[in-house]
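Features as listed in Swiss-Prot:
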{"type": "BINDING", "residues": "CYS12, CYS103, CYS198", "note": "[4Fe-4S] cluster binding site"}
{"type": "BINDING", "residues": "HIS43, HIS81, HIS131, THR170, SER226, ASN228, SER271", "note": "(2E)-4-hydroxy-3-methylbut-2-enyl diphosphate binding site"}
{"type": "BINDING", "residues": "HIS43, HIS81, HIS131, SER226, ASN228, SER271", "note": "isopentenyl diphosphate binding site"}
{"type": "BINDING", "residues": "HIS43, HIS81, HIS131, SER226, ASN228, SER271", "note": "dimethylallyl diphosphate binding site"}
{"type": "ACT_SITE", "residues": "GLU133", "note": "active site, proton donor"}
Amino acid sequence: MKIIKISPRGYCYGVVDAMVIARNAALDKSLPRPIYILGMIVHNKHVTDAFEEDGIITLDGPSRLEILDQIDSGTVIFTAHGVSPEVKQRAKEKGLTTIDATCPDVTKTHDLIEAKKSEGYHVIYIGKKGHPEPEGAVGIAPDIVHLIEKADDLKTLEIPTDKILVTNQTTMSQWDVQHLMEDIKKKFPTAEFHKEICLATQVRQEAVAKQADVADLTIVVGDPKSNNSNRLAQVSQEIAGTKAYRVADVSEIQLEWLQGVEAVAVTAGASTPTPITKEVIAFLEQYDPTNPATWERKRNVPLQKILPRVKVKKQ
């Protein structure tokens, strides 16, 4: 069986930066304890489990404000997905020490919304409902930001001005965003468009579109909560025309997927640890459908191999 290692794949700079910030926080003895992450620092359970070993507590919930209500003291890390000004203000009022690990690409979108609000615009924001990134973006100016996920959401959308900005969640499918923007243009012809798909998301999606088309199957390594991982599977199926499955790690691979497969493409979401992806590739490289000894799918990557190394500062 031929293995096509799609490149680029895996970690983006925003994810690595967020994890380094959190690791440095764990090593900083001057920070008030306990240290919490407000939601998953990045959408990967292997990463949050590894941080738990570092003594950092991940709290998750339906909204950042509701999670914050669980915290009375200590240090709070804001995740790569960004948070609203209301969350930052509430943390300040509670006397919490805060560390901001927001991805710079997300901050760029927040700044754009702020600027357009001051100019009297309304904003149509294309994003996935229930995902923390749109929650933070809408929270920048909830009175003028309108979240839409699908074309159907446009049917009931009314905006009381011709000054309209259209932007989006950074990890959406670029093709979905483009189609929605075309629909928006028909309904709101005066709208201005700022496509904010981050470069890492864009090049990973384009790599799948161009490289997975010669495979019989694509395996995307990524957490079920990772929007960019789920979008990679979508791109494989809808753009490359190759059936795709998303797995959190090697243990989730089903042998029946591999029946009759001569070429399998492998990629990984931007929040997927490299050792987890390497383990999937190693399994596929040694897999022999006629030899049961090669069929075991067990995750063996130790948690201490998940997080990036950081230099310990001398006291």
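Cβ coordinates come from backbone N, Cα and C, glycine included.
Other Cβ atoms within 10 Å of the Cβ of ASN228 ((2E)-4-hydroxy-3-methylbut-2-enyl diphosphate binding site), summed over all protein chains shown, number 27. Within 10 Å of CYS12 ([4Fe-4S] cluster binding site), as judged by C-alpha distances, the recorded positions found are SER271; the full candidate list was HIS43, HIS131, GLU133, SER271. Excluding the listed site residues CYS12, CYS103, CYS198, the same chain places TYR13, GLY14, VAL15, ALA80, PRO104, ASP105, VAL106, THR170, THR171, LEU199, ALA200, THR201, ALA270 with Cβ atoms within 8 Å of the centre of the [4Fe-4S] cluster site Cβ atoms.
Within the set of binding-site residues HIS43, HIS81, CYS103, SER271, the entry lying nearest in space to GLU133 (active site, proton donor) is HIS81 (CA atoms).
Between the alpha carbons (Cα) of HIS43 ((2E)-4-hydroxy-3-methylbut-2-enyl diphosphate binding site) and CYS103 ([4Fe-4S] cluster binding site) lies a span of roughly 13 Å. Taking a C-beta cut-off of under 8 angstroms and a sequence separation of 6 or more, SER226 ((2E)-4-hydroxy-3-methylbut-2-enyl diphosphate binding site) has the following same-chain neighbours: VAL42, HIS43, ASN44, GLY269, ALA270, SER271, THR272.
The Cβ of HIS81 ((2E)-4-hydroxy-3-methylbut-2-enyl diphosphate binding site) lies under 8 Å from the Cβ of GLY39, THR102, CYS103, VAL106, HIS131, PRO132, GLU133, GLU135, GLY136, each of which sits 6+ residues away along the same chain. Counting only the Cα atoms, the space from ASN228 ((2E)-4-hydroxy-3-methylbut-2-enyl diphosphate binding site) to CYS198 ([4Fe-4S] cluster binding site) is about 11 angstrom. For the isopentenyl diphosphate site listed in the record, the two most distant Cα atoms among HIS43, HIS81, HIS131, SER226, ASN228, SER271 lie 15 Å apart.
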